[in-house]
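Feature list (source: TrEMBL):
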DOMAIN    58-180  domain 'Integral membrane bound transporter'
TRANSMEM  118-136  transmembrane segment
TRANSMEM  143-165  transmembrane segment
TRANSMEM  171-193  transmembrane segment
Amino acid sequence: MKADEPARDARRTAAAYRLLRLDRAERALDYLFRSMPVGHRVLKGLLMATQASTASLIAYGIGLLLHTQQAFWAAITAIAVTQLSYTDTRGSSRDQCIGAALGAVAGLFGIWLDVGQIVSFVVAVFVVIVACWILNAGASARLGAITATIVLLVPSTGPAWQFAFIRVGEVALGTVCALSVSWAMARIQALFIHEHTREDDA
């Protein structure tokens, strides 16, 4: 057992070093964003606002056409996952979908326990957060807990499984709309940059 202690200590040291580097990188990135010129911040804000408002409007409209129970959840999801870049939006969308799916399952599990609303709610939130971290999806833990809370505490008509299924569907709709708009904006930006590069070369 003693022979394993140096290796165990080395792994702990490496993990602590990675956490320290991650914290420093996050601080550096935050500083870079805060130190951007006002004009650049305005431009980024306009771009973000355009993407989020367009994606949420499309998601809400499609949700109404599909007669989902609460189409506004699709709009909220589209806003929540929208990021400045398509790559970041894709990552955020993945986390949102995983969280919604696991949260819906946890919510149904809480209902199945039938031990009272408050106890079921606490158990479901606890279980889904732990499950997300076990599955190496820690970024989805908070989103899963929110979905479980909605399934258990928001009043609804009809079977619980149907409400959970529709909720996941609304999340999927919102993420698809956000991804589509983000991809289109990325293509437009790429074409714009390409045209300006050609003009500068000429």
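The backbone N, Cα and C atoms fix where each Cβ goes, and this holds for glycine too.
Quick caveat, the model's predicted, so the values are computed rather than measured.
Listed as Cβ neighbours of the transmembrane segment (171-193) (distance under 8 Å, sequence separation of 6 or more from its ends, same chain) are residues 47, 50-52, 54-56, 58-59, 62-63, 66, 68, 73-83, 85-86, 89-90, 93, 96-97, 100, 147. Counting residues of the domain 'Integral membrane bound transporter' (58-180) by DSSP class, helix then strand then coil, yields 101 helix, 0 strand, 22 coil.
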